[in-house]
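Read the structure below first, then the notes.
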Amino acid sequence: MQVDLLSSAQSAHALHLFHQHSPLVHCMTNDVVQTFTANTLLALGASPAMVIETEEASQFAAIASALLINVGTLTQPRAQAMSAAVEQAQTPWTLDPVAVGALDYRRRFCVELLSHKPTAIRGNASEIMALAGVANGGRGVDTTDAAANAIPAAQTLARETGAIVVVTGEVDYVTDGHRIVGIHGGDPLMTKVVGTGCALSAVVAACCALPGDTLENVASACHWMKQAGERAVARSEGPGSFVPHFLDALWQLAQEVQA
């Protein structure tokens, strides 16, 4: 199994495209991470919108550059709104199947959504393996599997759905079912702040709206988040000071490619 690495030039090119196109991302995400997700997108140069009412969601999904479906705080009314948005979306959409391996209702819902052909799927190893039908597991939103162990499941899921599948962990793996790109970096402190994975899913959604190689663009999203995490940790004393430094680091990365 060959795992390629993303070059700095590829990442910088994707970030230049990101700034140039400034995607409008319709984030149907969970209640815990909305502010952090919106600020992450803004720091990189995208425009977030959090529209959740069923009638409005289906209307707005057709306007946005990209759509994110994150099932972290799923309810039946929210599931109806998400389904309506996916059905009306004429743009790329990304699925974040939070805790899909641990809870039956959201697993059934996410499997139903797969028939609408997501452009990308982003999850930890346990979530991707569960969604692929390989195993059930995970401790709530936390993974109990190493990212590398989920590569075969990610490849299968990508081939079956046509999506770019992202498995996040100490090393992130991005695959279209054939090619695999590995992204190293980041820091364990990133796992001590709620929402870094969910925010990444929003950035992945935005990258799916960019022109060019979608796999490379999505892999670049992982690279930016890991880079920003490393920079933020170097300036932080713990999780509380990490968040503002992380947002600053994303902003600085975006400014650097414009210089």
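Just so it is clear, glycine is given a Cβ too, placed from its N, Cα and C backbone atoms.
Some features that Swiss-Prot has for this protein:
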{"type": "BINDING", "residues": "M50, G195", "note": "substrate binding site"}
{"type": "BINDING", "residues": "R122, T168", "note": "ATP binding site"}
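Known features from Swiss-Prot, placed on the structure.
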{"residue": "M50", "record": "substrate binding site", "Cβ within 10 Å": "17"}
{"residue": "R122", "record": "ATP binding site", "Cβ within 10 Å": "33"}
{"residue": "T168", "record": "ATP binding site", "Cβ within 10 Å": "28"}
{"residue": "G195", "record": "substrate binding site", "Cβ within 10 Å": "20"}
In whole Å, how far does the CA atom of R122 (ATP binding site) lie from that of G195 (substrate binding site)?
13
Would you mind pulling the DSSP three-state label for M50 (substrate binding site)?
coil
For M50 (substrate binding site) and T168 (ATP binding site), determine the Cα separation and express it in whole Å.
24
